[in-house]
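Read the structure below first, then the notes.
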Amino acid sequence: MKSSYLIFTAFMALASCALAFDPSPLQDFCVAINDTNNGVFVNGKFCKDPKLATANDFFFSVKEGNTSNSLGSKVTPVAVNEILGLNTLGISLARIDFAPRGLNPPHTHPRATEILIVLEGTLYVGFVTSNPQNRLITKVLNKGDVFVFPIGLIHFQLNVGYGNALAMAGLSSQNPGVITVANAVFGSNPKISSDVLTKAFQVDNKIVDNLQKQFWLDNN
């Protein structure tokens, strides 16, 4: 009985790990379709008849991002909503443009690990490990350098060079999601109670009120 329980526990642990990421596709591809009358629901999107797939279902043109904003950065995602052919394939990417001193602020991807390569410029990047250590791990990256941000951990990128910077990020999900920390905490709709935030951050109520009145930019 004890051995059966251990086997069952091990199986459930493996199953939970498998379900933590995008399910593996059961066919060559499954192009997403918005017309639910002519599709089959698989892996989060309705699928087009494979015989009707075209090259455009697997294509997207990425333009230079407009960094003329308060953060000085622009993230251009290329996920399943941009390339319908990514449906069920468990992968996506993003182009990140930085003005001088531009910041991609602390954020997390709840469904994906990220691997980033710097194409131009110099970036100071880092992530914070989970409780209770909350250890900050950072690195200065130059052109050609690659860095990995583990799934679910808060991370950031700051342009510390003298000119513009450009990076490309690969993500292990067709729809990785993004939660920007400041936007979520101080810019939620409706607002989080100031009683909660003053207690959590151990600050005066006026500071919380001021932060909640700010315009929290979404650079995605």
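Quick reminder: no glycine exception, Cβ is built from N, Cα and C everywhere.
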Choose one of Cys17, Cys47: the cysteine that TrEMBL connects to Cys30 by a disulfide bond.
Cys47
Tally the residues of the domain 'Cupin type-1' (60-209) by DSSP class, grouping H, G and I as helix, E and B as strand, and everything else as coil.
22 helix, 56 strand, 72 coil
Tell me which of the binding-site residues His107, His109, His155 sits in the most Cβ-dense spot, judged by other Cβ atoms within 10 Å.
His109
Show, in sequence order, which residues other than His107, His109, Glu114, His155 on the same chain lie with their Cβ within 8 Å of the centre of the Cβ atoms of the Mn(2+) site.
Thr108, Ala112, Phe127, Phe149, Leu153, Ile154, Pro176, Val178
If you draw a 10 Å sphere around the Cβ of Glu114 (oxalate binding site), how many other Cβ atoms fall inside it, taking every protein chain shown into account?
23
